[in-house]
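J.: Quick one: this structure, given as structure tokens, is what I'll be asking you about.
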Amino acid sequence: MEDSEPVQPSLNSSYIPAALGHQQLSEDEESEEQNPSASLLPKQSSVPLAVRYSPEDPYFLVYIIFFMMGIGSLLPWNFFITAKHYWLYKLSNDTHHSGSEEQRSDLSDYFESYLAIASTVPSVLSLILNYVLVNRVSSNVRILSSLFVILLVFVVTTVMVKVDVSDCRTEFFIGTLVSVAVVSAASNVFSGSMFGISGHFPMRISQALISGQAMGGTLSALASIVDLSVAKDVTDSALAYFLTADVFILLCIITYLLLPKFAYTRHYMMAATHLGSGGTSEGAVSVPPLRPILRKTWVLGLSVFYVFCVSIMVFPAVSSGIQSANKDSGSPWTTTYFVPITSFLLYNISDFCGRQCTAWLQVPGPTSRVLPALVLCRSVMVPLLMFCNYQPRDHLNTVLFGHDVFPVVFNCLLGLTNGYLGTLPMIYGPKVVPRELAEATGVVMSFFLTLGLAVGSAFSVLIVHCI
């Protein structure tokens, strides 16, 4: 009898397996035949209570808040990588000292690769810590403390915009990487915790969080382009740029504090709390079991890992170095706006579209072999972007895709596939495990994502040096 008991879907799941519903119906009919009076008694359903009786999300406010949290979770990193002109200015504004040309090549030309490593390696450690603390420290403490750390670092970064660092470029470079590492660690605790609690909600809430992450990149790219076109110099542009990030992070803190005010939120969170309190007090603070989670999600986790590994290999380290074939024309499109638009804006818009598509279309399914096959096919994006007009080229002199249309198409394809194929495993993960493991599974899926970014960022340095 126990061996045939179906695995409960997550209490937040917006879909109930058809087999479960049919089996429940047949069991009810059989019990009525054996005991006719049983039909007069309340029936116990295996369908989670939180799925059967759910309040409405008024005006989609909870959806919007999770969407904003998604924006806030990747906004800091996106603001750091999109401010390319500012970092080049800060790291290349002194060419009078001897050896400065070599130092400028090291600090400026490979800055995106160093930035990727500094942002992803600490993130892996922070997500391991987040998994250990998932049952020991409340999600409110983890989320709010990480947001305040991010805000503090960004305020310091904003202040440094107007500070002359021409005599201490190396120190500024190191300080920037430390800031990126701290922000990335805090951002991953924040995003991992948000993914964890979104696992208690319907699937559309997880999708809102993931789509918000792509919108964060789009907004940062738009802000960068607007600042470049309006501001008189680089520092004025960067000041307005980072002030925008400061305001939005503060807004995230305020909106998160409003989240428990909604009955929709309290309904799912109280159901999850009630479920988690069924064990002993010692179990309440234990580390969630990892083996049953990996048994159900290892294919989905590896899919997430490889999707983001391939993406970070070439974005932004390679894609932001691709120059227009008509750069010498002096046109603003081919000089000032080519990289911000083709590399950052188009990629992030495509990424957002891919993630948003998962709200209406969820194919292949969580157990399909087509999903990992499609993920592996993305490997072709690496050589395609490498053979575009990336400059400077020291080793790989061949340019196969010199026309400006190629980086536009390739970046759009990279973003679209990253958004769609990266989102599906993330929203499937918490739904294929027993519902009491949903939050921990959300953290585990975030770990796979961040591990992919860490490995991909290391390869990005190698790819840039090979070119």
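Placement of Cβ uses the backbone N, Cα and C atoms for every residue, glycine included.
So TrEMBL says this about it:
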- 22-41: region 'Disordered' (REGION)
- 60-81: transmembrane segment (TRANSMEM)
- 114-134: transmembrane segment (TRANSMEM)
- 141-160: transmembrane segment (TRANSMEM)
- 172-196: transmembrane segment (TRANSMEM)
- 208-226: transmembrane segment (TRANSMEM)
- 238-259: transmembrane segment (TRANSMEM)
- 298-318: transmembrane segment (TRANSMEM)
- 400-421: transmembrane segment (TRANSMEM)
- 441-464: transmembrane segment (TRANSMEM)
J.: Would you kindly list the residues that approach the transmembrane segment (298-318) from elsewhere in its chain, counting only those six or more residues past its ends and only Cβ-Cβ distances under 8 Å?
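T.: Distal contacts: 81, 84, 112-113, 116, 120, 343-344, 347, 366, 371-372, 375-376, 378-379, 381-382, 385-386, 390, 411, 414, 417-418, 421-422, 424-426, 428-429, 432, 444-445, 447-449, 451-453, 455-457, 459-461, 463-464, 467.
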J.: To the transmembrane segment (238-259), which of 114-134, 141-160, 172-196 is linked by the most Cβ pairs under 8 Å?
T.: 141-160
J.: Restricting to CB pairs under 8 Å, which listed stretch, 141-160, 172-196, 208-226, is in contact most with the transmembrane segment (114-134)?
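T.: Comparing 141-160, 172-196, 208-226: 172-196 has the most Cβ pairs near the transmembrane segment (114-134).
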J.: Out of 172-196, 208-226, 400-421, 441-464, which stretch has the largest tally of CB pairs under 8 angstroms to the transmembrane segment (60-81)?
T.: 208-226
J.: Residues sitting near the transmembrane segment (400-421): Cβ under 8 Å, six or more positions beyond its termini, same chain?
T.: 214, 303, 307-308, 311, 314-315, 319, 322, 324-326, 334, 338, 342-343, 346-358, 371, 374-375, 378, 381, 384-385, 387-389
